[in-house]
Amino acid sequence: MHVPDGFFDAPVSAAAGVAAAGAVALSLRGARRELSGGGGAAEPSSAVGGERTAPLAGLVAAFIFAVQMLNFPVAAGTSGHLLGGALAAILVGPFTGVLCVSVVLLMQGLLFADGGLTALGVNIVLMGVVTVVVAYGLLRGLLRVLPRSRGSVTAASFVAALVSVPASAIAFTGLYALGGTADVSLGKVFAAMASVHVLIGIGEAVITAATVGAVISVRPDLVHGARELASGPLKLRTVEVATPGGGAAGTAGGPAPAAATAESAAPAAAPAPAAPRSNRRMWLGGLLATVLCAGVVSFYASASPDGLEKVAADNGIDEKARDHDAAGSPLADYGFADIADARLSGGLAGTIGVGVTLAVGSGVFVAVRRRQPEDAPSGADTGGTTAGTARTGT
Amino acid sequence: MSTRHAGHAHKLYLHTHSPVHALPAHCKLAAVFAFVLLVVATPREAVWAFGLYALLLAAVAAAARVPYGHLLKRMLIEVPFVGFAVLMPFVAEGPYTELGGVPGLSGVSLSVSGLWSAWNILAKGTLGVAASVLLASTTELRELLLGLQKLRLPPLLVQIASFMVRYGDVIADEMRRMRVARLSRGFRATGVRQWGVLAKSAGALFIRSYERGERVHLAMVSRGYTGTMPVLDEAAATRAQWGGAAALPLAALAVCLLGWAL
C-alpha cells in the first residue's frame, strides 16, 4: 500500500526524502555497472555501460509496472498481486532494482496520484530500498551456504521474498515510531503490520520463487542474483527426434543407432530426476523459512503486548484498551486474556502463531506441489516457448 | 519516436486549453510540491485551514477548466485509504469519548486522538491526491518528464522514467496477449493452484521485456545514441509564468501561517 500525504509528519517525510534521494543517486551509479555487462554473456563488445542503463532499466521498470497488474487469485473472489521489489532485486540486481522500483513509485505518484508526493521518500525507502536490500542480501547469503544449483536459487528467492515483505512492514513501524501522526500504540501497529505482511509475504514468496524458477530455467544468465550459475554462454540444446534411420543431426559419424538412442535418452532422462530433487529442496527450504519467520515474528509479537499492557496500565485505561483490542482488530493482540502470566500467554500465542503459519505455509506448498506432476509434461512445453522467445529475442 | 503522441496516452490528462495548461511543467511541479508540503505542515486542529486549501484547489480547477466531476472521479484512488482512516478511531490510544448524541450508536466509544488522526490523514491525503490529480490533468506526460529534468532530477533517471512510460503500454499489451493466449487454451485462474502458470507467464514477460530493452538499446545506438537525449524545446519559464504558478503555494503559505498563529 502506498503511504499518502499526511501520514508521517514533515520532518520524517523530509528525512526519508533525503535518504531516498541518496539511495537513488547511489543506485544510478551502481546500475550502470550492473547493466553494462550483466546480461550480455553473448555480447563481447566492451560496453561503456552508460547508454545501456536507460533503455534496460526503463524496460525493467515497465515490466514491474505491468506485473503489478497481473492478478493472482487467492480464493473465491479475492486476488493479490506481486509487489515486485524482491523479484526486481533477484532478477536485475540491487541497484537496478532500487532504481526501477523508485521510478515506478515516482510515476505512480505523478501520473496516477497513487501515494502522496511528500510521502514519496517514505514510499521509496520502504518499498524500494528496504525490500530490495533485504531480499538481495538474504539471497546472496543463502546462496553462499546452499549448494550451487538452480533449486537452491529458487529456494533462496523464496526466503528472500518471504522476509523482505515483513521487513518492509517493520521499517514502516520504525518510521511510524519516529514520526507517525496517528495515535495508535506501536505494539498494535507492529502486530497488525507484521501479521498482515507475513501473509502477504508468503504469497509474494511463492510467486517470486516460481517466477525466478521460470526465468532461470530459460535464461539463467538473466538472473542477476545467480549469475555465477550461468558460467558459459548460452548453449542450444536440442532433443533429437528419434528417426528410424538413426541420429542424423547431432552425432557426426553416426556410428550406431544404439548410441544415438542412448544419447537422446540422456537429455530426456536428465530433467526427470532433477525436477523432484529441486522440488524437495524448495519444499524443505520453504518449510524452514516458514518456521524461522514465524518464530521470529511471533517472538516480537509476543513481546509487544507486554509493552502495550504496560502502557495501558500506566494510563489507567486498561480494560477499555483491551476491550478495543478484541473489537478493533482480531490480529492485533497476540496475548491470551485468560492466562494470567504474560510471558506464558505470549509464548503460547507464539507457539500457536508458529503452528498456524506453518499450516498456512504447508497448505500453500501442498497446493503448489500437487500441481507439479501435472506440470511435468508442460515443462517441455515451456522449453518450446522459451526457444521461441529466444529466437524472437536475438 | 512519436513523443507527442505518447504524451497524450496517460489516463488522467484532460486535453483543453487554459492558463494552467499553458504554464511550464516545472513551475507547476514546484507549485504542487510546495503546496502539498505546506498542507502537511499545517496543524490538524486548524480545521478551517483545510477548507481554505480545498477552496484554493477548487479555484485552480476552475481556472484549468477541469470539471469537478472529472476531478472527483479521479480521486477515487484514495478510497482504500479512507477505510484505513475510518478504522483509526477504534484502535487509537488516549481518552475515549462516548457517542451519546447519535441514536443507535450510544454504546460505541471512540478515541478522541484517533478521531483527530483520522481527520488529519483524511484531510491531508485528500488534498494531496486532489493536487496531484490536478497536476496530472493539466500536464502532458512528455512535459512532465522534461519538467522533472528542469527541476534538476538526474537526466538518467528522467530517461529511465520516460522509457518506462513509453514502453509501459507495450509491455502491458504483451501481457494482455499472453492472457488471451492462456484463455484461448482453456486456462482459468481460480485459485492458488494456477499460480505456477501465472508465474511462468510473469517470467516470460520479464525475459521479453529485458530482451526488448536490449533490442531498443541496439536500435538507439545504431542511430547515434550515446547516453543522453537531446532537449529540443528549451523554453525557460518567464517571470510572469513563475508568478502565476506561485499563486497557489503563496496563498497556501498564508493559510498555513494563519493556521499556526491562530
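From the backbone N, Cα and C atoms, a Cβ is placed for every residue, glycine too.
Here TrEMBL flags A:54-74 (among others) as transmembrane segment.
Long-range contacts of the transmembrane segment (A:86-111) within the same chain: residues 2, 20, 23-24, 26-31, 33-35, 38, 56-58, 60-61, 64-65, 67-68, 117, 120, 123-124, 127-129, 131-133, 135-136, 139, 157, 160-161, 164-165, 204-205, 207-208, 211-212, 215, 222-226, each at least 6 residues beyond the stretch ends and with a Cβ under 8 Å from a Cβ of the stretch. What TrEMBL lists as transmembrane segment is A:86-111 (among others).
Within the chain carrying the transmembrane segment (A:117-139), a Cβ under 8 angstroms from the stretch's Cβ atoms is held by residues 2-5, 7-8, 10, 12-21, 23-24, 83, 85-86, 88-90, 93-94, 97-98, 101-102, 105-106, 109-110, 156-157, 159-161, 163-165, 167-168, 171-172, 175, 225, all 6 or more beyond its ends. Here TrEMBL flags A:117-139 (among others) as transmembrane segment.
Taken from TrEMBL, the feature transmembrane segment covers A:151-178 (among others).
The transmembrane segment feature in TrEMBL is assigned to A:190-218 (among others).
Residues or ranges marked as domain 'PDGLE' in TrEMBL: A:280-370.
The transmembrane segment annotation in TrEMBL covers A:282-301 (among others).
As annotated by TrEMBL, transmembrane segment applies to A:348-368 (among others).
Sequence annotations record features per position, and here TrEMBL assigns region 'Disordered' to A:371-394.
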Intrachain neighbours beyond the transmembrane segment (A:54-74), with Cβ under 8 angstroms and 6 or more residues off its ends: 31, 35, 39, 80-84, 87-88, 91-92, 96, 99-101, 103-104, 107, 203, 207
Overall pLDDT for the domain 'PDGLE' (A:280-370), taken as the rounded mean: 46
